[in-house]
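Annotated features, as they stand in TrEMBL:
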- D119: active site (ACT_SITE)
- D322: active site (ACT_SITE)
- 101-437: domain 'Peptidase A1' (DOMAIN)
Amino acid sequence: MALLYSLCCVSFSALVIVALYVSPVVSTSRRVLGDYGKLENGFRVTLKHVDSSKNLTKWERIQRGIKRGNHRLQRLNAMVLAASGDSAEVQAPIVAGNGEFLMDLSIGTPPNSYSAILDTGSDLIWTQCKPCTQCFDQSTPIFDPQKSSTFTKLSCSSDLCEALPQSTCSDGSCEYLYTYGDYSSTQGVMATETFKFDSVSVPNIGFGCGEDNEGDGFSQGAGLVGLGRGPLSLVSQLKEPKFSYCLTAMDETQKSLLLMGSIASANESLGEMRTTPLIRNPSQPSFYYLSLQGITVGSTRLPIKESTFALEDNGSGGVIIDSGTTITYLEQAAFSVLKKAFILEMKLSVDPLSSTGLDLCFTLPSGSTQVEVPKLVFHFDGADLDLPAENYMIADSSSGVICLAMGGSSGMSIFGNVQQQNMLVVHDLEKETVSFIQTQCQNI
């Protein structure tokens, strides 16, 4: 089975993907917090891609995202080594860090606005704080806790302090060190503050007030908002068991969306919902692991052993869904089978000299306005995800190539954000499920 991939009506200086539905986001009604820290309705915020303000073509954005994704994959491998005890070099607990999308929020009383990196692969919420011993440049003023009437340091006996992977106690206050997989880090004092997301104010959010922040990758924002499964994350602190996002394609003017609380629930009027259970990995409790049971290309289920994607007893392997990684990475043996299937089905010449940064590219036929591409289905436990062609094939007509937006990995596999674009992806932490609805983000 094949899909038609349109090459018409698109600038030859950009990726050849048809971009539809670019209307502005329609806001919904919002509510403030109710008793016991539970949101009565939830809230929504717009997300922007980290490269959206740069004068780049979509293809250039993809290439930058691939480079960041490769680095993130290295961080994940470092985490696995650290958790399994196979690395003598790792001295502190580490998390993935960084991401591909930014969210705007405010902190303190009076509120100070800044952009933070959204990360479903880590838990800690943090921003840079005065006095800074080591801080990277940011476009907004660094938060000064002395100018906020709602800033309160957390005690060493607090639950959030005890949940940190590494902390110390100084004069009764909790101090933290949070180290990322590339050995970037943030260090400072744990505190609570009032955060404002769009028009919703949320008091007593625990966060890291970072006074020593080092490493690459943080400068896109002024801090990070963790949305992982651990107790330090925003979704866990709000005690709202659901969040969802809808990520638009990189070349769309329409912004992506994050929804928290009850409004994050899947609305089946948007389309058919496919739901798969989450898996827990005790050695990597922040990540959203899924059970991938197989892959179909065209009409053929690939001869990949189901154990290829299994989570091992030592915490290695497995498949995570991640908003902070651009393309999907499959365990190398599975990716090799996938590549062979696409080469057979595409019926185009392989371009062995492509400088795209992707593993598999084909030469575009001269003068063609459409290209047939094979169907691609991911068979998750209970959910067969039939992807639109633009979610796995990308083209650069200036170079005359069309490429598979996937790569190989050693050990862990990652279902990346290109494959998730224009889907409502619902994380239900209470039911421990992830649901997918293919839609256009403007319709949410």
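Here the Cβ of each residue, glycine as well, is placed from N, Cα and C on the backbone.
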Neighbouring C-beta atoms (10 Å sphere around the C-beta of D119 (active site)): 28
Alpha-carbon distance [D322 (active site); D119 (active site)] in Å: 8
Within the predicted model, mean pLDDT of the domain 'Peptidase A1' (101-437): 91
Count of other CB atoms lying within 10 Å of the CB belonging to D322 (active site): 25
